[in-house]
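Participant: Just passing along the structure, written as structure tokens.
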Amino acid sequence: MTAVQLIVGLGNPGPEYDQTRHNAGALFVERVAESQRVNLAVDRKYFGLVGKFNHQGREVRLLIPTTYMNRSGQSVAALANFFKIKPEEILVAHDELDMPPGVAKLKQGGGHGGHNGLRDIISQLGNQNNFHRLRLGIGHPGHASLVSGYVLGRAPRSEQELLDQSIDFALDVLPEILAGDWTVAMRKLHSQKATK
């Protein structure tokens, strides 16, 4: 069981991107920080908002890159390399077009699925893709040409409530995630689905 040492939440910086679908991962890390009473502060060395807390005698770091999404790997690699955190000790939370709002799933490894944040992280980690992912469903607009505007848009309240519920489900399995008990975390999380 590989325990997590770094939790990353992907998004774009600036008020114009706050609460957009693409910032679902950043929203998750903000909620983790709240739950652990962690103050996230800008650290230019790591190109992001950074915080840490202790879990069973070891440090767990939180990171929200303040680069744009397609440069997320610069931030993740800077922090992971400095603290000698291996890819398999990293959890990256991100928005997922291929799942409906209200669904959250964990997986390890795999490709980037067209997600520019994941693409850059894989590249900056030396093409290592075996980090863990928390995929937060945001749904799909129906056509590839609509994706950019969709992910950079704010969800209607009913959809945002479903995303918030899926983040709650993920927070419920945070103890298992931190312990590296992925089988139990997946079983619990994957049986949940938000309701309107």
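Just so it is clear, glycine is given a Cβ too, placed from its N, Cα and C backbone atoms.
Summarising the annotation, Swiss-Prot assigns site 'Discriminates between blocked and unblocked aminoacyl-tRNA' to Asn12 and lists sequence analysis as the type of evidence. Taken from Swiss-Prot, the feature tRNA binding site covers Tyr17, Tyr68, Asn70, Asn116. Per Swiss-Prot, active site, proton acceptor is recorded for His22. Taken from Swiss-Prot, the feature site 'Stabilizes the basic form of H active site to accept a proton' applies to Asp95, supported by sequence analysis.
So where do these features actually land, and what's packed around them?
Facilitator: Taken residue by residue with DSSP, Asn12 (site 'Discriminates between blocked and unblocked aminoacyl-tRNA') is part of neither helix nor strand, so it is coil. Neighbours of Asn12 (site 'Discriminates between blocked and unblocked aminoacyl-tRNA'), defined as other CB atoms within 10 A of its CB across all chains, total 21.
Long-range Cβ proximity for Asn70 (tRNA binding site), meaning a same-chain Cβ under 8 A and a gap of 6 or more residues, is found for Asn116, Gly117, Arg119, Asp120.
Cβ environment of His22 (active site, proton acceptor): Leu10, Gly11, Asn12, Met69, Asp95, Val151, Leu152 lie under 8 Å away, each six or more residues apart in the same chain.
Asp95 (site 'Stabilizes the basic form of H active site to accept a proton') carries a strand DSSP state (E or B).
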Participant: With an 8 Å cut-off on Cβ-Cβ distance and a minimum sequence separation of at least 6, pull the same-chain contacts of Tyr68 (tRNA binding site), or say none.
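Facilitator: Counting only residues 6 or more apart in sequence, the Cβ neighbours of Tyr68 (tRNA binding site) under 8 Å are Asn12, Pro13.
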Participant: Could you tell me the maximum Cα-Cα distance in Å between the residues recorded as binding tRNA, namely Tyr17, Tyr68, Asn70, Asn116, rounded to a whole number?
Facilitator: 16
Participant: Which are the residues of the chain, Tyr17, Tyr68, Asn70, Asn116 excluded, whose CB is within 8 A of where the CB atoms of the tRNA site average out, their centroid?
Facilitator: Asn12, His22, Thr67, Met69, Arg71, Ser72, Gly117
Participant: What is the total of other Cβ atoms whose distance to the Cβ of Tyr17 (tRNA binding site) is within 10 Å?
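Facilitator: There are 17 such Cβ atoms around Tyr17 (tRNA binding site).
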Participant: Is it possible to get the count of other C-beta atoms within 10 angstroms of the C-beta of Asn116 (tRNA binding site)?
Facilitator: 17
